[in-house]
Amino acid sequence: MNLPTAALSCYFLSMLTIMIPLINPSSMNFHFKTKTAIKTAFFISIVPLFFFINDNSQSTTVTWKWFNILATPLDITIQLDQYSIIFIPVALMVTWSIIEYSLWYMNNDFKIQLFFKYLLIFLLAMMLLVSAGNFLMLFVGWEGVGIMSYLLIGWYFTRSNAGAAALQAVLYNRIGDIGFLFSMFWLISSYNSIDLNFVFSMNNSTPLIIAFIIAAASKSAQFGLHPWLASAMEGPTPVSALLHSSTMVVAGVFLLIRIHPMIKDNQTALTTCLCLGAISTAFAATCALTQNDIKKIIAFSTSSQLGLMVVAIGLNMPHLAFFHICTHAFFKAMLFLCSGSIIHNLNDEQDIRKMGGLQKTLPITTTCVSIGSLALMGTPYLAGFFSKDAIIEAINTSNVNSWALTLTIIATSFTAVYSLRVIFFASMAHPRLNPIQLMTETDSFTNPIKRLAIGSIIAGLIINQIILPSTPLNLTMPLYLKITALAVSLLGFIIALDLANISWTKLPHHSFPKTLNTSFYPTIFHRLLPHYTLNFSLQTSSHLIDTLWLEKLGPKGLTELQLPPIMKNQEIHQGMIKVYLSIFTFTILVCLITLQLV
């Protein structure tokens, strides 16, 4: 069997396997069937990966005619290439672990079947997105992950924060959808085609590519469109692990990887990606430093890593961005699951300042937090090192904007700081929690965490052999450039250790200087801007209605217009003889003049 046949057969078989539980979603053991289906689909999806490693083929496309709008064919097109064949097993393995974890985490939820149904539909939409062969199919998957994100973030809908966070996610993503739709309509009107390969062969304009970049920026929470990602932590922890670490938020970066043939020769688009990614990665890393909520620290670290992926796109190296997507999925999902375990055992306590000493009571969880955080900061030979170090080396040896380089290096150092902060405050020193709390670790939630921990250790090495080109781009590199990423991470680690020791003994409100406030962006855009806009609108409308309509043109205006003639009329009817004689004389004169003229 050759790769195209194996890839297509296994892809459709995986999709079918995942869909089978949806035949009877009201079944009492639906959630167990879901876990089995995703596990089976994962093992099926490994087969084309082995074929791909052996054959190293390019891509396979299958198209079904659907319908035409005038001269534009809208077809159902599936494209399985290097990216989709590698990403689907990664997504399925991460989802399998998260689904198994959810069996424990959501055990007492009355609507557990509905929750698992949402996760299953979300996974189908993500698989469709990564295997789309034209922009229509990509948009279907794009909107699918968007709407499921809304439903899952707002799962605890009785909490006002959860509803607001879900709505915020949708509104920010609508900005990106406008960019995506603009691009699709532009392609239809200009080329009468939305097929990926056809569009890549044309000479595409800069506004079209910028619209795609805006779409990617909103979905992948880049600077300016980033606040929704931290707010999305209002959803259950498995939702945070799946949607906002390893799958949905990388959809934007995946779109940029897909359209890379359009971007690669457009310097404006490359510079936009580079600067946007550098600002995002530095700003999100700074935000993570100021947070005390464990889930929000991990959420901002996700936003920071997404910025690093966009930097790789701006460097004209989409394979490095994709490599980082795959390695990042393992350790970020694991960090979220570990945080969920800690929160659950501490009776829903999320503040890291109220943790400590958990290495005795939750040894597996805290060990995996340490592994995930070390992988995140790029510790040599863990998963994050291979992809992150490659991107830092690439930016060091490229002729790029120095500010972008500086911001990326600073963000790399900050990653070590906030990662160590999580390890230190959660695991080390003495406990700061309620001593009567009962804490347990069971196989039902440690097995998926351990599986992801193994992935966080070996995934980088394995994917490194598959995805990187066999011929290196730079044969030589100065030693100081080679060790830059490692050096700044080590420096950040040492500084963070010192700061953590100092801040451990201080009262919580003195942990950080008050001047370091990174919440200015949501404050400006969610509070001040609407306040001033609505206030200005209110004053404008009230002035227009009160001053113009009710005063100048309304009752007061009519009064001012009618009063002078009325007053004159009253003066005539006051019974004074001189007034009557004057009127009599005036009318006689008028009559005489009229007679003379006639």
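Glycine is treated like the rest: Cβ placed from N, Cα and C.
Per TrEMBL, the features are as follows:
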TRANSMEM  6-24  transmembrane segment
TRANSMEM  36-53  transmembrane segment
DOMAIN    66-116  domain 'NADH-Ubiquinone oxidoreductase (complex I) chain 5 N-terminal'
TRANSMEM  83-103  transmembrane segment
TRANSMEM  115-133  transmembrane segment
DOMAIN    132-414  domain 'NADH:quinone oxidoreductase/Mrp antiporter transmembrane'
TRANSMEM  170-188  transmembrane segment
TRANSMEM  208-229  transmembrane segment
TRANSMEM  241-263  transmembrane segment
TRANSMEM  269-290  transmembrane segment
TRANSMEM  297-315  transmembrane segment
TRANSMEM  321-343  transmembrane segment
TRANSMEM  403-428  transmembrane segment
DOMAIN    418-594  domain 'NADH dehydrogenase subunit 5 C-terminal'
TRANSMEM  449-467  transmembrane segment
Tally of DSSP helical, extended and coil residues in the domain 'NADH-Ubiquinone oxidoreductase (complex I) chain 5 N-terminal' (66-116): 29 helix, 14 strand, 8 coil
Contact check, the transmembrane segment (269-290) vs the transmembrane segment (6-24), 3+ Cβ pairs under 8 Å, seq sep 6+: no
Long-range environment of the transmembrane segment (83-103) - Cβ separation under 8 angstroms, sequence gap at least 6: 7, 11, 14, 31-32, 34-35, 38-39, 41-42, 45-46, 48-49, 52, 115-116, 119, 123, 126-127, 130-131, 236, 238, 241-242, 246-247, 254, 257-258, 322, 325-326, 329-330, 333, 337, 340, 444-445, 447-449, 451-452, 455, 459, 463, 466-467
Contact ranking winner - 6-24, 36-53, 170-188, 241-263, 449-467 against the transmembrane segment (208-229), Cβ under 8 Å: 170-188
Model confidence over the domain 'NADH-Ubiquinone oxidoreductase (complex I) chain 5 N-terminal' (66-116) (mean pLDDT, whole number): 92
Positions on the same chain near the transmembrane segment (115-133), where near means CB under 8 A and six or more residues out: 11, 14-15, 18-19, 21-22, 25, 30-31, 34, 37-38, 61-63, 77-80, 83-84, 87-88, 91-92, 95, 98-99, 102, 106, 109, 140-145, 148-149, 151-152, 155, 195-196, 236, 238-239, 242-243, 247-248, 251, 254
Same-chain residue ranges lying at least 6 outside the transmembrane segment (170-188) that approach it to Cβ under 8 Å: 69, 72, 135-136, 139, 142-143, 146, 149-150, 194, 199, 207-208, 211-219, 221, 225, 227-228, 252
